[in-house]
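According to TrEMBL, the protein has these features:
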- A:57-246: domain 'ABC transmembrane type-1' (DOMAIN)
- A:7-26: transmembrane segment (TRANSMEM)
- A:61-81: transmembrane segment (TRANSMEM)
- A:93-117: transmembrane segment (TRANSMEM)
- A:129-149: transmembrane segment (TRANSMEM)
- A:169-191: transmembrane segment (TRANSMEM)
- A:198-219: transmembrane segment (TRANSMEM)
- A:225-246: transmembrane segment (TRANSMEM)
């Protein structure tokens with residue numbers, strides 16, 4: 001009984017603030033306070049006409065897509081090597097690749113800023129953010145893809161080669177379809193991480209901010225708070241949808257490979 | 001008989017580990033050949049070397065007269081049934097079986113479908129083509145793996161412990177089916193197994209491997225009756241070992257065996273040449289006997305005491321202590337009508353014959 005109360009309190013603590021987002025996004029008042037005054041979709045309409053916001057969203061989508069693609073590609077290589085080959089210091093190397101998972105983002109951001117600006121003297125742009133996002137997304141991709149590749153029987157590819165296919169064709173015809181749910185799941189999670197990432201984007205963005213950085217900028221003007229709430233609502237919904245799709249695909253992949261479910265992110 | 005596969009001076013190293021040691025081997029066309037040995041003896045490595053999944057460090061692998069050094073696995077005239085079967089779970093049974101035909105562009109769809117059905121019929125899975133591969137049982141997966149490999153009519157079918165994942169009944173059934181299949185298609189089968197019974201039942205010839213070397217290469221009967229070393233003798237079936245001293249070797253071997261006294265045995269009873277000096281003598285449990293009450297024998301008898309009894313239903317295995325022999329002797333007796341099962345401590349008369357002895361160095 002006490003455990004149940006604890007669980008309920010915990011869930012309220014986790015999700016109550018998020019529930020407030022849509023509540024105020026549809027509230028007909030510029031001040032964020034109870035009681036609610038009335039229903040409106042004005043804030044969403046304002047989102048639709050804000051040019052600089054559109055630019056920020058476009059930036060973010062580009063960065064998120066490119067980072068997701070790159071980190072998933074890197075993840076495929078690492079996970080495949082980790083699952084199918086034995087090489088010296090494998091455990092150490094794999095552990096080292098996973099390290100950015102636990103590195104504080106602020107450290108990554110500051111050190112990358114130093115490297116990019118001080119050492120190489122490159123300008124800051126979307127590409128510097130992409131590089132940093134690839135760095136932090138890759139461990140997540142490896143973690144997801146590891147699951148997909150480790151469930152794969154290494155003789156599968158050999159069997160395809162034995163039946164006359166080249167190494168690459170064997171990978172394309174057998175391995176790829178079997179790990180595809182994992183790949184899509186990895187892309188979606190990397191996309192979500194990059195889309196909401198703030199600290200690195202804040203440090204490394206050039207002239208055009210990403211969406212989270214733009215939202216942070218808006219917070220200085222109290223009148224624009226409801227618009228932020230509306231944007232937040234869309235973001236939360238999008239994140240939940242993407243993560244759900246990612247998890248469903250991961251589970252389908254598990255079922256297809258005929259293995260028992262072993263954890264995951266949801 | 002024509003040689004199909006010849007391995008000459010094959011060595012394989014994994015870093016410092018010497019996995020295959022100077023293997024010289026000829027496998028004939030149409031033969032059912034087995035590589036038998038304990039785990040880690042190199043038998044799977046040898047099979048994978050023939051398949052092209054492992055490169056030899058040193059030596060030559062020839063298949064059908066062609067050097068395989070530069071030929072990758074996908075171009076070799078071999079097909080493999082993997083230990084895990086490696087059935088592609090995202091494809092149907094028919095798509096699995098037809099996988100190897102993808103490269104044969106000159107065969108039309110209709111013919112391919114007929115070939116698939118024919119291959120499935122051959123392994124007893126007619127009509128299973130539309131089923132999803134991941135929904136099959138272990139035995140069915142294995143049949144699909146066989147059909148998938150045989151549809152390409154390879155010169156050699158390689159089988160990597162194909163029966164080890166099946167239960168005992170299924171395994172015995174598949175042994176018989178594999179023999180039938182091999183005779184039917186006439187393809188050379190190379191089987192890797194750690195199960196000596198499986199190898200004896202199925203093979204024309206067996207290579208017994210230990211630590212990367214071939215210990216003995218012979219047909220099943222020779223291997224069982226005349227093992228050439230103590231490790232082969234103890235790996236295949238049960239064997240009692242007795243200390244002995246070879247006194248003289250002429251056209252017979254004069255030998256003094258512990259507990260049995262001085263004897264003369266024929267030269268064939270020593271698979272490897274023996275010299276004067278200490279030796280080991282092996283004798284199989286089923287070539288010994290116990291004289292039960294009311295039975296008679298014209299063979300030699302020696303007195304002993306029952307030390308241990310293991311009852312198997314059709315057989316009873318006795319450990320008998322005999323004066324002058326350091327270890328208890330294991331004897332297998334058929335439980336025929338009227339034969340009692342002796343108890344520990346009872347006296348027993350052991351029937352023996354020196355013709356059943358094998359002399360080992």
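Each Cβ is built from the backbone N, Cα and C atoms, and glycine gets one as well.
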Do the transmembrane segment (A:169-191) and the transmembrane segment (A:198-219) share at least 3 Cβ pairs closer than 8 Å, excluding pairs fewer than 6 residues apart in sequence?
no
Taking residues 6+ outside the transmembrane segment (A:225-246), which of them lie with a CB under 8 Å of any CB in it?
18, 21-22, 24-25, 27, 29-30, 32, 43-44, 46-47, 50, 53, 184-186, 188-189, 191-192, 195-196, 211, 215, 218-219, 265-266
Of the stretches A:7-26, A:61-81, A:93-117, A:198-219, which racks up the most C-beta pairs under 8 Å with the transmembrane segment (A:129-149)?
A:61-81
Within the same chain, where does the transmembrane segment (A:61-81) have neighbours whose Cβ lies under 8 angstroms from its own Cβ atoms, ignoring anything closer than 6 residues to its ends? I mean 6 or more beyond.
87, 94, 97, 126, 129-130, 133-134, 137-138, 140-142, 144-146, 148-150, 175, 179, 183, 186-188, 190-192, 194-195, 201, 210
